[in-house]
């Protein structure tokens, strides 16, 4: 996990610099998608170096999976930075940029839910009785997800024009803005901190949710799928509703603050929830989904306000913020896991105990604290949105 995050973080800086120099968002997106498809299929296809070297030692397996995870994240960095940068080159209108960000977040939730649909079909068709059967089930889930993803990547690449084709936008891609231009802006550090904290909230909570409902609350196995599904559905609905708001700097701050406060209450609930009241986790999941959408859409939109008309540095902004995001999330999960026992619960009654574990702290305390700091930083921002007129023409012609 850490090797992948480090590779992703370094790649985002490198890719962002190259996109700012040479442009061609779609080429970077397509190349990154190919790397993702290759490496992801290799991860679920088994330890290829182990078979080649005829050695299945833990060292060879660790190196193999770490390598493919790094390749995967390099490809993911190319797709993410190029796709996020396109938003700022499609339109100057601040409301339209938020609409695009919320639309992007909504379809991320659709993708997550689609994975559950694929898993449901695979589990329904095949019955797993041995470990090999279970591996085959997850292998088919991976392959089907890659195939569906490649189909939509093809639709995107062949059905979308490069934003630079619209007159006046990203016209002179070679007039690159120096990194120091951004480093001298206080808003850059504020937006970076808010974005990184928001990603920490989402990534850390997502990593520990399934373990929390099973190991700490003792819920049924179906809960580890149902709770995330509820979060994704609520995030999708809120992301769609956010497209109807006329956005400005103050509203961005207000909505992000609302999401942060909501996550703080959810964090307290997660920390104190006993096994006897585990059913309330579904209600908490609803509010987590709402908070995630509010925070993520507004955090990404703050990047657009930071970039403004300085489009020849937009990829660097997206890349550098993603770099900080990946490194911080990788280190946070690494530190949390270093305190996690292999047997997280050895005694006690699920129905009465409030069991405090790294999983509970990772899901409750860490996101709540990050939300608190994010709200505090947001309150100090000065967000100016000069391009707030209603959209009167298509984004791409």
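Note: Cβ is positioned from N, Cα and C throughout, glycine not excepted.
From a predicted model like this one, the values you see are computed outputs, not experimental measurements.
Copied from TrEMBL, the annotated features are:
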{"type": "TRANSMEM", "residues": "27-48", "note": "transmembrane segment"}
{"type": "TRANSMEM", "residues": "106-128", "note": "transmembrane segment"}
{"type": "TRANSMEM", "residues": "140-158", "note": "transmembrane segment"}
{"type": "TRANSMEM", "residues": "179-202", "note": "transmembrane segment"}
{"type": "TRANSMEM", "residues": "222-242", "note": "transmembrane segment"}
{"type": "TRANSMEM", "residues": "254-273", "note": "transmembrane segment"}
{"type": "TRANSMEM", "residues": "279-302", "note": "transmembrane segment"}
{"type": "TRANSMEM", "residues": "314-339", "note": "transmembrane segment"}
{"type": "TRANSMEM", "residues": "359-379", "note": "transmembrane segment"}
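The recorded stretches the transmembrane segment (222-242) and the transmembrane segment (314-339) do not share 3+ CB pairs below 8 A when only pairs 6 or more apart in sequence are counted, and are therefore not in contact.
Contact between the transmembrane segment (254-273) and the transmembrane segment (359-379) is present: at least three CB pairs lie under 8 Å, with pairs separated by 6 or more positions in sequence.
The highest tally of CB pairs under 8 A with the transmembrane segment (179-202), across 27-48, 279-302, 314-339, is held by 314-339.
When the stretches 106-128, 140-158, 314-339 are ranked by Cβ pairs under 8 Å to the transmembrane segment (27-48), first place goes to 140-158. Note on the transmembrane segment (140-158): residues 26, 29-30, 33, 36-37, 40-41, 43-44, 111, 114-115, 118-119, 122, 126 of its chain, located 6 or more positions outside it, place their CB under 8 angstroms from a CB of the stretch.
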